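Read through the structure below, which is laid out as structure tokens, and then see the notes.
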Amino acid sequence: MKNQEHHPQKPVIPDLLMTPSDQGDGDLEIEYPEDRGNWTGKLDFLLSCIGYCVGLGNVWRFPYRAYTNGGGAFLVPYFIMLAICGIPIFFMELSLGQFSSLGPLAVWKISPLFKGVGMATILIVCLVAIYYNMIIAYVLFYLFASLTKNLPWQYCGNWWNTDLCLDHHIMRTGNGAVPFNISNTVSPSEEYWSRYVLHIQESSGIGDPGRIRWNLCLCLLLAWVIVYLCILKGVKSSGKVVYFTATFPYLILIMLLIRGVTLEGAWLGIKFYLTPQFDLLLSPKVWIEAALQIFYSLGVGFGGLLTFASYNTFHQNIYRDTFIVTVGNAITSILAGFAIFSVLGYMSQELDVPVQEVAKAGPGLAFVVYPQAMTMLPLSPFWSFLFFFMLLTLGLDSQFAFLETIVTAVTDEFPYYLRPKKAFFSGVVCIVMFLMGLILTTEGGMYWLVLLDDYSAGFGLMVVVITTCLVVTRVYGMKRFCRDIHMMLGFKPGIYFKACWLFLSPVTMMALLVYSIIKYEPSEYNGSYRFPFWAEILGILMGIISCLMIPTGMVFAVLHEEGTLWQRIQQASRPTMDWGPSLEENRTGMYVATLAGSQSPKPLMVHMRKYGGITSYENIAFQVDKEIEEDEEESMM
């Protein structure tokens, strides 16, 4: 009572409606979360995006996809799909992250009803990060194996080789005197990969994982230790590491390219790679394949782009960065095709077999065909080491992005508790994922890796990207989103971006989704092993569970609101009170951090009703609300 006598009672303002001046008042002690941090250098963000997008897929998927879908003609649908799907969605993700300075979970303050999209993203990224680091472990294994005078997969006669093993040295010394029937033979590199590295002959299938391969287990542990040390201080440490991991692969790629094109027979591979088959452009499969390559190569939907952009300064020119990264990624893929197929052309001439018989995609290219080609070169351990070191640097910066996405998403949800302990939390995430990945180090681990690779980021990822695109343009509103970009960059996106966001991109991705469902084929390994029915169901469930996160998030968001069901849905679909730029100096226009013009008028209206309502501001909110709806109707016409 004494305190009330000496200090007249001030009106109590709810926390959500407090201005910075209210919060700075001595009567109220408010604890602020620790600062998220920013990139420490101008090139950190750009190089991180390049490192994230330019990954293993550029080397082992694009060249193979190009030659099987029309060779040089494949570049036509590839660049068209880049313009329709790649660049617009890439720019949208960067804009969302930079505008809000939030990770892939907290960014759904833009429309809490769809927070399940963020949850689905994190689930997908977790599954991908587990098996992606196993691929890096394989690369480390081969990297260490290259530190020798003679590569261990160069000759037959080792304990892991079978009677079917036949190496090219014998074929060359034969001088054609005895015709070799190579159809029923196996190369030393293939037996080294399957029988020594994987030891897969001891496993009968996915239901029989067998024992842990301790050499692979140690390589996986080393891979996680490297990743943890590089993300230890968040973007401050990973932003410096990418100066090496994002640029050094280009140096090695150019070295491999120069070495490849100077080999005898290289033109056979390059001709095979680039010979255009324009008749294939009439096939919808080629266009779908082009869109899929763009979709997965740029890494849209995984949350990595959004996370990286959230550490930018508010006025970073992400419009310019979008074109640098997307076009640079496409050019890198094409260059990698020259480096790969020049060597495959040389290899086909040495073995006297057609190029298509030695050309493979995925792990088959990286761990069987290319290592075999390396044994045919002088200084083969040197070239082998360079190749696998390139794969290591390509894989690591993509893995940095996956881990940074997971850590940022969770710490943004619990900033008071986890941001001060971010290094510790990152360590916990790495340890848990290492333990979950142990099954991949078993004798049957490759079956599990193939299952994860085929299903973890399939149609679930497409649903995430389609939903994000529709929510931003239809629920949040195209006009409002363009206004936000104008606040950041000083100009609004042109008709090209608007047309893609509103129609072209979502329609193309829906066609992709329908195509992938209609053309679904059960997974298989090495063309001979078919996965059992229960394994297929498990794989399909990976995609379905990530999709189910979206309606689950909707249920929680609706239950959190008040009123009738329709009122709850309306309120949950509107931006929260604190949606907008994170720094007060960037909150202009409708985001000005004062009570009179506080945040976005729609949530202002909702929150004021909850606290009893302030009539004058409620009327303003209704008025501005109506103006925004009229603006949106005009823009749609």
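Numbers run from 1 along the shown chain.
Using N, Cα and C of the backbone, Cβ positions are placed for all residues, glycine too.
What TrEMBL lists as transmembrane segment is 45-63 (among others). Residues 39, 135, 235, 238-239, 242-243, 245-247, 249, 273, 293, 296-299, 304-305, 308-309, 311-312, 316, 321, 324-326, 328-329, 332-334, 336-337, 340-341, 361-363, 365-366, 390-391, 394-395, 397-398, 400-401 of the same chain, all 6+ positions outside the transmembrane segment (45-63), place their C-beta atoms under 8 angstroms from a C-beta of that stretch.
Here TrEMBL flags G51, V54, N58, S297, N329, L394, D397, S398 as Na(+) binding site. Take the CB of G51 (Na(+) binding site) and look out to 10 A: across all protein chains shown you find 28 other CB atoms.
Taking Cβ pairs closer than 8 Å, the transmembrane segment (75-96) reaches residues 66, 107, 110, 281, 286-287, 289-291, 293-295, 298, 300-301, 305-306, 308-309, 318-319, 321-323, 325-327, 330, 334, 465, 468-469, 472, 481, 484-485, 488, 493, 496-497, 500-501, 504-505, 508-509 in its own chain, all 6 or more past its ends. Per TrEMBL, the feature transmembrane segment maps to 75-96 (among others).
Cβ atoms under 8 Å from those of the transmembrane segment (117-145) belong to residues 56, 104-108, 151-153, 197, 215-216, 219-220, 222-224, 227, 301-304, 363, 366-367, 371, 384-385, 388-389, 391-392, 395-396, 398-399, 402-403, 405-406, 409-410, 433, 436-437, 440-441, 445, 448-449, 452-453, 456-457, 460-461, 463-464, 467-468, 471, 542, 545-547, 549-550, 552-553 of the same chain, restricted to positions at least 6 beyond its ends. The transmembrane segment annotation in TrEMBL covers 117-145 (among others).
Taking a C-beta cut-off of under 8 angstroms and a sequence separation of 6 or more, C156 (disulfide bond) has the following same-chain neighbours: C165, L166, D167, P188, E191. Annotation source TrEMBL lists disulfide bond at C156-C165.
Here TrEMBL flags 212-231 (among others) as transmembrane segment. Away from its own ends, the transmembrane segment (212-231) comes close to residues 133-134, 136-138, 140-141, 144, 197-199, 237-238, 241, 396, 399-400, 403-404, 407, 426-427, 430-431, 433-434, 437-438, 440-443, 445 of its chain (Cβ-Cβ under 8 Å, at least six residues beyond either end).
For 243-270 (among others), the entry in TrEMBL reads transmembrane segment. Long-range Cβ contacts of the transmembrane segment (243-270) within its own chain (Cβ-Cβ under 8 Å, at least 6 residues beyond either end) map to 43, 47-48, 50-51, 54, 332, 335-336, 338-350, 355, 377, 383, 386-387, 389-390, 393-394, 396-397, 400.
If you look up TrEMBL, you'll see 290-311 (among others) marked as transmembrane segment. Residues 36-39, 45, 48-49, 52-53, 55, 57-58, 61-62, 65, 69, 74, 77-78, 80-82, 85-86, 89-90, 93-98, 100-104, 107, 118, 121-122, 124-125, 128, 235, 318, 325-326, 329, 333, 398, 401-402, 404-405, 408-409, 457, 461-462, 464-465, 468, 508-509, 512 of the same chain, all 6+ positions outside the transmembrane segment (290-311), place their C-beta atoms under 8 angstroms from a C-beta of that stretch.
Annotation source TrEMBL lists transmembrane segment at 323-347 (among others).
Residues or ranges marked as transmembrane segment in TrEMBL: 382-403 (among others). Using a Cβ-Cβ cut-off under 8 Å and counting only residues 6 or more beyond its ends in the same chain, the transmembrane segment (382-403) has close neighbours at 48, 51-52, 54-56, 58-59, 125, 128-129, 132-133, 135-136, 139-140, 142-143, 146-147, 151, 223, 226-227, 230-231, 238, 241-242, 244-246, 248-249, 252-253, 255-256, 259, 299, 302, 304, 307-308, 366, 370-371, 374, 426, 429-430.
For the transmembrane segment (424-449), the residues of the chain that approach it from at least six positions outside its boundaries are 126, 129-131, 133-135, 137, 198-200, 202-206, 208-213, 216-217, 220-221, 224, 227-228, 231-232, 234, 403, 406-407, 410-411, 418, 525, 529, 531, 535, judged by C-beta separation under 8 angstroms. According to TrEMBL, the transmembrane segment annotation covers 424-449 (among others).
Remote same-chain partners of the transmembrane segment (455-476), defined as residues 6 or more beyond its termini with a Cβ less than 8 Å from a stretch Cβ, comprise 89, 92-93, 96, 110-111, 113-114, 117, 120-121, 124, 127-128, 131, 295-296, 300-302, 501-502, 505-506, 509-510, 512-513, 516-517, 523, 539-540, 542-547, 550, 573, 575. Look at TrEMBL and you will find 455-476 (among others) tagged as transmembrane segment.
Under the heading transmembrane segment, TrEMBL lists 496-518 (among others). Sequence-remote contacts of a segment are chain residues at least 6 beyond its ends whose Cβ falls under 8 Å from one of its Cβ atoms, and for the transmembrane segment (496-518) they are 81, 84-85, 87-89, 91-92, 284, 288, 291-292, 295, 458-459, 462-463, 465-466, 469-470, 472-473, 478, 482.
If one looks beyond the transmembrane segment (538-559) by at least 6 residues along the same chain, the residues whose Cβ comes under 8 Å of a Cβ in the stretch are 112-120, 123-124, 127, 451-452, 454-456, 458-461, 463-464, 467, 523, 531, 565, 568-569, 572. The feature transmembrane segment is assigned by TrEMBL to 538-559 (among others).
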Using the Cβ centroid of G51, V54, N58, S297, N329, L394, D397, S398 as the reference point for the Na(+) site, which residues of the same chain not in that list have Cβ within 8 Å?
I50, Y52, C53, G55, L56, G57, A246, P249, G299, T332
Given a Cβ distance threshold of under 8 angstroms, which distant residues of the chain, six or more beyond its ends, lie next to the transmembrane segment (323-347)?
46, 49-50, 53-54, 58-59, 62-63, 66-67, 75, 78-79, 82, 86-87, 90, 250, 253, 256-257, 260-261, 263-273, 293, 297-298, 355, 358-359, 365, 369-370, 372-373, 376
May I ask which residues of the same chain, at least 6 positions away in sequence, place their Cβ under 8 angstroms from the Cβ of D397 (Na(+) binding site)?
S48, G51, Y52, G55, S238, V241, V242, T245, A246
Let me check the 10 A CB neighbour count of N329 (Na(+) binding site). How many other CB atoms are there?
25
State which of the following recorded positions has the fewest other Cβ atoms within 10 Å around its Cβ: C165, L394.
C165
Non-local Cβ contacts of S398 (Na(+) binding site) (under 8 Å, 6 or more apart, same chain)?
G51, Y52, G55, L56, Y132, G299, G304
When you tally the Cβ atoms that lie within 10 Å of each candidate's Cβ, which of the binding-site residues (V54, N58, S297) has the highest tally?
V54
